[in-house]
Every structure is written in C-alpha cells, then in structure tokens.
C-alpha cells in the first residue's frame with residue numbers, strides 16, 4: 001500500500017519522513033500542502049494534524065503526525081527491509097533514540113530559529129533579529145562541539161552504522177550547509193564535516209534532493 005504523505009517536499013520535517021521511506025524502499029505519494037498559503041492551518045488538514053503543521057501520513061486506517069514518530073514507526077515496521085535504521089541491539093537502539101532526542105531538543109531547537117531568521121524572514125521581507133542570531137550562533141557552536149566530540153570516536157552518531165540518529169539531522173543540516181552563511185561552523189570541525197560529507201552522499205539523500213529539485 002502506498003503511504004500518503006501530506007506536506008511540502010522542500011520542508012525539513014516532511015523530508016525526514018521521505019528520507020526514511022527512501023532508505024527503507026517504502027512506496028509513498030506526496031500530497032502537497034502549500035505552507036506559503038497556510039494550507040496547513042485549514043480545517044481539512046487540521047483533521048490530520050491538529051496543530052497545523054506538516055507532515056501527516058495516511059496508511060490505510062493508520063493516521064500519524066510528528067516526523068520523528070513516523071520515521072521510527074516505519075523503521076520498526078519494516079525492520080528487515082532496506083536500510084536498518086534502528087540499531088542491532090537493545091542498547092544500540094537506546095543510543096539511536098537518545099541521539100534522535102538530542103537532534104530535536106538541542107540541534108533543531110537552535111537550528112530552526114537560526115534558519116527562520118537568516119533565510120525565511122528575509123525572503124518574506126521581514127527584518128532579521130540580528131541580536132537573536134548572534135545569541136543562537138553561540139549556542140549552536142556549543143551544540144556542535146558535542147557532536148564533534150561524539151564523532152571523534154564514532155563513525156556515525158549511533159555508532160558504526162547509519163541510523164535514524166543521523167537521518168533525523170539531515171534536513172536541518174541541509175539548511176545550515178546550503179542556505180545560510182553558517183556552513184563554516186560545520187566545515188571547521190573535522191569529524192562533523194567528515195560525517196556530513198559521508199551521510200549527504202547516500203543514494204537516498206541524493207534521490208530526495210532530486211525530488212525536491214534543489
């Protein structure tokens with residue numbers, strides 16, 4: 001059965017789900033939700049995602065929202081199909097879950113307002129909060145130090161294999177690397193830069209970038 005993904009293919013959170021599907025060889029159909037027109041706030045979409053965000057999915061009777069929960073569900077449901085994204089042991093899965101939580105609570109929590117201020121506000125003609133950006137850059141620098149230390153002794157965030165721990169970071173990292181002037185925060189860190197170069201060369205990621213037509 002083809003999974004329906006409601007969202008905008010260029011948006012970070014839907015990309016997290018789509019990348020999981022591409023790694024797991026899961027068939028999907030993207031139902032475009034135009035964020036610029038605030039279609040995510042309309043009653044029809046609120047039935048799928050009551051907080052007015054994207055993505056949301058429909059898979060037969062199953063309806064889910066929240067990208068990390070969706071990715072974890074499908075990585076578990078199709079554990080033996082495509083790339084193993086969960087970790088091979090109970091302890092390994094706990095470490096993967098830990099870094100998915102780190103991505104949400106520390107990485108994305110800083111990266112999102114950074115990107116909103118340096119990318120999206122200027123595009124919409126709104127002023128960038130320069131003071132906030134400088135404050136966030138200091139916070140982000142400290143967050144990335146933790147990643148640099150982790151990746152000094154591990155090929156990937158979850159250990160020796162590519163998992164959801166790495167996948168969850170990729171949409172946000174793309175904005176930092178490709179659409180802001182902040183890429184130096186990554187390229188100046190040897191281990192973090194090596195990690196990004198490796199994971200962004202994966203076929204599933206390249207396919208997603210083609211679908212998004214960057």
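Backbone N, Cα and C atoms are what each Cβ position is placed from, and that goes for glycine too.
If you check Swiss-Prot, you get these features:
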BINDING   11, 12, 40, 41, 53, 54, 66, 67  glutathione binding site
DOMAIN    2-82  domain 'GST N-terminal'
DOMAIN    89-214  domain 'GST C-terminal'
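Sequence features, as recorded in Swiss-Prot, placed on the structure.
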| residue | record | DSSP (3 states) |
| --- | --- | --- |
| 11 | glutathione binding site | coil |
| 40 | glutathione binding site | helix |
| 53 | glutathione binding site | coil |
| 66 | glutathione binding site | coil |
Taking the domain 'GST C-terminal' (89-214) alone, what is its mean pLDDT?
96
In the domain 'GST C-terminal' (89-214), how many residues does DSSP call helix, how many strand, and how many coil?
94 helix, 2 strand, 30 coil
Highest Cβ count within 10 Å among the binding-site residues 40, 53, 67: which residue is it?
67
How many other Cβ atoms sit within 10 Å of the Cβ of residue 41 (glutathione binding site)?
14
